[in-house]
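Have a look at the structure below before the remarks.
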Amino acid sequence: MGYIESSTFRLYAEVIVGSNINKVLDYGVPENLEHITKGTAVTISLRGGKKVGVIYQIKTTTQCKKILPILGLSDSEIVLPQDLLDLLFWISQYYFAPLGKTLKLFLPAISSNVIQPKQHYRVVLKQSKAKTKEILAKLEVLHPSQGAVLKILLQHASPPGLSSLMETAKVSQSPIHSLEKLGILDIVDAAQLELQEDLLTFFPPAPKDLHPEQQSAIDKIFSSLKTSQFHTHLLFGITGSGKTEIYLRATSEALKQGKSTILLVPEIALTVQTVSLFKARFGKDVGVLHHKLSDSDKSRTWRQASEGSLRILIGPRSALFCPMKNLGLIIVDEEHDPAYKQTESPPCYHARDVAVMRGKLAHATVVLGSATPSLESYTNALSGKYVLSRLSSRAAAAHPAKISLINMNLEREKSKTKILFSQPVLKKIAERLEVGEQVLIFFNRRGYHTNVSCTVCKHTLKCPHCDMVLTFHKYANVLLCHLCNSSPKDLPQSCPKCLGTMTLQYRGSGTEKIEKILQQIFPQIRTIRIDSDTTKFKGSHETLLRQFATGKADVLIGTQMIAKGMNFSAVTLAVILNGDSGLYIPDFRASEQVFQLITQVAGRSGRSHLPGEILIQSFLPDHPTIHSAMRQDYSAFYSQEITGRELCEYPPFIRLIRCIFMGKCPKQTWEEAHRVHNILKEQLESTNPLMPVTPCGHFKIKDTFRYQFLIKSAYVIPVNKKLHHALMLAKLSPKVKFMIDVDPMTTFF
């Protein structure tokens, strides 16, 4: 339907359109839709296509002589309340993102383009792993593509999606269908394989008696809930101190008052344990929302939440934008976690800070929980902006864990060679295996070897598309770029630098090699490895965690994915193999993130009646961050870190705005960044320091070169207006894109 005379309509609507547009557009309201209200999701025409938008305002006049009509209501039946509309505009202004792009956060259950739903399938092995390996040995020579499919299926703990399997194995559907005809695998509807309710109970809840500090925190939160006034509480509790029990009781109190709750967790994987605990307490009132759900599941959850039939919602950052009826409580668990920050595309929002703003707009109580609070949150608590509650002791059955620091410089001298496991660590692992207790090993690098070079000229192999060293993954026998996930089709036969015959020299280690070494030292050991290689497919993370929690393995090896919020009662030893690795990164948050990571990993040990022990290997044993982490002394760490932040004018004493410019030509990208930078020099006041243009830490990603500069300011929105003006004046080349990251988690990468 084309443009119509505006006089045809009695009512007009200002619509926020789900497109890259930073303003509302006027549309005519047909007579049959005159009942629609502010916040209603509608279908409209834009540039010849159908889009979804949300009505911002109904009015009786328009400045347009001709106008497009609203086509109809969106199938999602979503209506955004006033507080979410206000939040949408605030996010757009604060995080420097077009209204249309920001709107997509609030409508995750539907596409901005109206498309037909598609069926999703999973691929399941019909044979045992042993039998499949026999079949693989016969097939991989005669039918390499079928062999590639079976290798992927054997590698993962749960059935992958059909499209994911095709992409990972780099095959069409043909070899998969051939294997299906041979009776080796099945292709089934994903709905048949959804995680059943009874599988969620492998983390059994136990009734808890509150200790005095917990009771004090509960009293403060209950007081906020009863007054229906906005307050933000920082629940600062050491690992294992009973923060989850406080979440449960606060949620129960909110329900008694007829209020709903949103509980945010950093990653999807953590929803399994959390949902288990909450469903055991609240039953069908609990819902889950995350981006891996189907569109129909997301639409159903949003509708139930907005109608009030679903009163508790658990999920990662995307769950924050659900239109809950009578929202009274927002909980952000592990509030310090970097996963709460959106970094891939605008708006680059931080879910913790947006949660606080949503609480303010909805007159709700906000609870931020962490054993290692961000410096920003702790500073807000000390200043009185947040209500502070401390939990300084572990819950009833748990004992304080013993922590030891191992100087790897001395261990290397003793062994006269490079080692990954010190003798004290191997001894402690052997002791746990002897008595049937479990061990957790943290190593924050995946793959087998992290550096591959030419033995002749020592040239290190890098990704041709990125400024990144390639990592060798032994199981798949590939060199992989961890930035763009590309890999050479075959291992190189000649060196690109000296042109000689390529004999590869392998250095460095990842979780895959750690697992292999452990199996060589302890032949009977049962291991589970959790990293982004073993958890690519839907349900794989949950399956591996369930296997470990139910005693199917002795040792859990993993990257930072295993550091967050997991509660394994039989784990009595946590080993951090490379405690200082993050300290070498030239970033103002490096020490904070290392301290948080060590503390969180250490907190996985000794969480029940069995005493726990933590071993930290480090080549920087005298570093103050390592010492504070070893003593679990947050106050000491905060005191030393906050002094440096204030001296150098970094958060929490100032706001940072990171301006990133990206283009295929490095010279042109640098020039365009400088053009904007020079305009801002003239516009910004001396109270807003402007840092020079520099290459990003990851200078080249996917054949795109990246430059950046930083702006420091006490107030973001006024600077954003000047930045917008500078970008308009600069008239950037269409070949150079930009992204604005307000309150960045890193100023390096």
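Just so it is clear, glycine is given a Cβ too, placed from its N, Cα and C backbone atoms.
Summarising the annotation, Swiss-Prot assigns domain 'Helicase ATP-binding' to 224-391.
Per Swiss-Prot, the feature ATP binding site maps to Gly237, Ile238, Thr239, Gly240, Ser241, Gly242, Lys243, Thr244. Under DSSP, Thr244 (ATP binding site) is assigned to a helix (H, G or I) in the three-state scheme.
Same-chain residues lying 6 or more positions outside the motif 'DEAH box' (333-336) and placing a CB less than 8 Å from one of its CB atoms are 234, 243-244, 247, 263-266, 270, 274, 352, 368-370, 372-374, 377, 564-565, 596, 600. Under the heading motif 'DEAH box', Swiss-Prot lists 333-336.
In the three-state DSSP classification, Cys495 (Zn(2+) 1 binding site) falls within coil. Counting only same-chain residues six or more apart in sequence, the Cβ atoms lying under 8 angstroms from the Cβ of Cys495 (Zn(2+) 1 binding site) belong to Cys454, Val456, Cys457, His459, Thr501, Met502. Annotation comment: Swiss-Prot describes Cys454, Cys457, Cys495, Cys498 as Zn(2+) 1 binding site, evidence class sequence analysis.
What Swiss-Prot lists as Zn(2+) 2 binding site is Cys463, Cys466, Cys481, Cys484, and the listing cites sequence analysis. Here the Cβ of Cys484 (Zn(2+) 2 binding site) has 17 other Cβ atoms within 10 Å, regardless of which shown protein chain they belong to.
Feature annotation from Swiss-Prot assigns domain 'Helicase C-terminal' to 490-658.
Cα distances from Thr239 (ATP binding site) to the binding-site residues Cys463, Cys481, Cys498 are smallest for Cys481. Averaged across the domain 'Helicase ATP-binding' (224-391), pLDDT in this predicted model comes to 92. Counting every protein chain shown, the number of other Cβ atoms lying within 10 Å of the Cβ of Ser241 (ATP binding site) is 24.
Residues Lys462, Pro464, His465, Met468, Leu470, His482, Leu483, Asn485, Ser486, Ile701, Lys702 surround the recorded Zn(2+) 2 site, their Cβ atoms falling within 8 Å of the Cβ centroid of Cys463, Cys466, Cys481, Cys484, which are themselves excluded. Annotation note: Cys457 (Zn(2+) 1 binding site) sits in a coil segment as assigned by DSSP. The number of other CB atoms found within 10 A of the CB of Cys454 (Zn(2+) 1 binding site), across every protein chain shown, is 22.
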